[in-house]
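For reference, the structure is listed below as structure tokens.
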Amino acid sequence: MMKGVPYLFTVAIMALATTLVSAYDPSPLQDFCVAINNTDSAVFVNGKFCKDPATVTANDFFFPGLNIPGNTAASKLGSSVNLVNIDKLPGLNTLGISLARLDFAPYGLNPPHTHPRGTELLVVMEGTLLVGFVTSNPNKLFTKVLNKGDVFVFPIGLIHFQFNIGQTNAIAFAGLSSQNPGLITIANAVFGSNPPINPDVLTKAFQLDKKVVDYLQKQF
């Protein structure tokens, strides 16, 4: 009888370990979700509230218009991004995916940015794009020139960019692994935050003259 005790003890420990390993927190679907004890005062959940299934229609899973080119002329950078996330397509809720159309004028740029909650998989439909991403320390750059039909992946949270190096318009589509991947455009966040970051911080961080920092902050 006693000989079986070690075996049973080992099985019990392994079962407990398996239970602990399989437990995890859900991935965040917005920048933050501060806990509150009074649920009557709650305004957000981690994602969106669910619609009564009895009232769901096919239109909840439908979004038209990605065949329409974006207005690149309206951007100083010569690019346009039409993101279809949960705000435009309610049926995406809890599915962990979204989609974007990217349009580029000649030499148009989708500037260095990051998606804090999503990996991006990009496919070029027309034109030629120079793309790349930078890893966390030691900040290695991975870059590639993409042509029509080429695919490139940008890992979650890493700074990346797309630049049209051709003399014609370029089009790409991107799938993202979150219903709300988020967007932090590096230059806008650093030099255009609200309220502004103290210029002394940016002067020292970027080793720039304060006049240059003041100029950059005014641009954003």
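Backbone N, Cα and C atoms are what each Cβ position is placed from, and that goes for glycine too.
For reference, TrEMBL has these:
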type	residues	note
BINDING	N110, H115, E120	oxalate binding site
BINDING	H113, H115, E120, H160	Mn(2+) binding site
DISULFID	C33-C50	disulfide bond
DOMAIN	64-214	domain 'Cupin type-1'
SIGNAL	1-23	signal peptide
Which residue, of the binding-site residues H113, H115, has its CB surrounded by the fewest other CB atoms within 10 A? H113
Should any of the recorded positions C33, C50, N110, H115 have a Cα within 10 Å of the Cα of H160 (Mn(2+) binding site), which are they? N110, H115
Could you state the CA-to-CA distance between N110 (oxalate binding site) and C33 (disulfide bond) to the nearest Å? 29
Measuring CA to CA, name the entry from the binding-site residues H113, H115, E120 that ends up nearest C33 (disulfide bond). H115
Taking only the Cα atoms, work out how far H113 (Mn(2+) binding site) lies from C50 (disulfide bond), in Å, as a whole number. 31
Taking just the CA atoms, what is the gap between C50 (disulfide bond) and E120 (oxalate binding site) in Å? 26
For C33 (disulfide bond), the number of other Cβ atoms found within 10 Å of its own Cβ: 13
At 10 angstroms around each C-beta, which of the recorded positions C50, N110, E120, H160 has the fewest other C-beta atoms nearby? C50
Given the recorded oxalate site (N110, H115, E120), which additional residues of the same chain have their Cβ within 8 Å of the Cβ centre, ordered by sequence? A100, H113, T114, G118, L122, F154, H160, Q162, A174, L176, P181, L183
